[in-house]
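A.B. asks: The structure is given below, and queries will be raised subsequently.
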Amino acid sequence: MRFPTGLTYATVFLYALTSAAAQSLPSCSAQCLEETLPQSPCAPTNQTCICTDAIFQEELAGCVAANCTTKEILTTLNITNTECGVPVRDMTSPSIIVPSVGYIVLLFLASRIYTRLVMVPGSKLGWDDWTAIALGAVMVAVNAGSILLGQAGLGKDIWTLEFDKITQILKIYYVQELLYVTAITLTKICFLLFYLRIFPNSGIRWLINATTGVVICYGIAFLFAFIFQCSPISFNWVGWDGEHEGSCVDKNALVLASAAANIVFDLWVIALPIPTLLHLQTSTSMKFQIIVMFSIGFLVTGVSIYRMVMLKVFSTSSNPTWDNAPGGYWSIVEVDVGVFILCLPSARALLRRFFPSVFGSTNGGMDSNSRATNPRKPGRASGNPLDNTSFVQLIEVNHDGESAKHYARERTKSYGEES
């Protein structure tokens, strides 16, 4: 049975809704119902039929999008989805659980500082340690931000959220972007400073220094790009409602460019020391342990790639509080895993104290404060007496730069005396 006018048809449908829903429906949406409902084959009282009529839903959505404000669109979506019994989706828990678990990484950072200051008497914190501490502080902030995002509603459909919650989420997400860029830059710098300490006399140092300079430039460039991606800056979190004036760069292009550059630098920084490590004068098992420890860094790259996939609709999504949730918590995973990997050498030092037969030194039985006990002359296996002076033991990661140089000089002097 067809009703003669769209107005009557829409009125009957609205009557079928709960009174609260009918009263809350924006006037622009009610007008769209008047125009589109007469075209539906469903009876106006058959709410199930209307809710499952894909053609009607598409026509109604197009009308609402063309005639309603953003807030009115979200209100309409919330009412119609509720009345049609659409399940309420909730993916907020990962944004809270992931960073909460990630705080365990702080224990590894503490072990790094403990190993440096306690296990090697007279040692002091190096530049890589201070950078790791700064990174830890940023990690605490970015993890806390993720928890706040989850509590505010990141991981829910945008139309289910209060308008002030949407603004709050976008503001925190903006800050998270800046913290993320800072964290991944500090992670790379920390790796590179670590390389400079364990290769005090290696020819690779110039390449490490050059890479450090490029990484710093990369971090500063993208940090400023993210800070000023919108004008005014507040448009990042208030521009969603269409009630404020402002403009933004292509956020998708910016995010994807940053992610791609991050992946390239990850691969380069992690792979940089491996050729030198392969030429270490040590046992095969020890060499394998060291290479594996460094190669674990590729986990960060894997997380970066997956995060990039999750952010492919970063700025084009019509439902950002749902679509961008995975990219948010995978960013947390990337930062936390990076800090964890940076602390692995100190973890190895602790393990060596308890399991010396498994996690031995890189110089044929030499402990952390003595010369080699092996009577053979160092360097003879390769014909280069300084082979072993280019790599400060991973146990000796706890030496500062001057200690490392002194260690190398002692090794060279020892070789001369034994000759």
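Cβ coordinates come from backbone N, Cα and C, glycine included.
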A.B. asks: TrEMBL annotation: CYS32 disulfide-bonded to which of CYS42, CYS49, CYS51, CYS63?
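C.D. replies: Disulfide partner per TrEMBL record: CYS63.
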A.B. asks: Would you mind checking which of CYS51, CYS68 shares a disulfide with CYS84 in TrEMBL?
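C.D. replies: Disulfide mapping in TrEMBL sends CYS84 to CYS51.
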A.B. asks: In Å, rounded, how far does the Cα of CYS42 (disulfide bond) sit from the Cα of CYS63 (disulfide bond)?
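C.D. replies: CYS42 (disulfide bond) to CYS63 (disulfide bond), Cα-Cα distance: 19 Å.
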A.B. asks: If you draw a 10 Å sphere around the Cβ of CYS84 (disulfide bond), how many other Cβ atoms fall inside it, taking every protein chain shown into account?
C.D. replies: 13
A.B. asks: The domain 'CFEM' (1-113): mean pLDDT?
C.D. replies: 78
A.B. asks: I need the nearest neighbour of CYS32 (disulfide bond) among the disulfide-bonded residues CYS49, CYS51, CYS68, CYS84, using C-alpha distances.
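C.D. replies: Nearest listed residue in space: CYS68.
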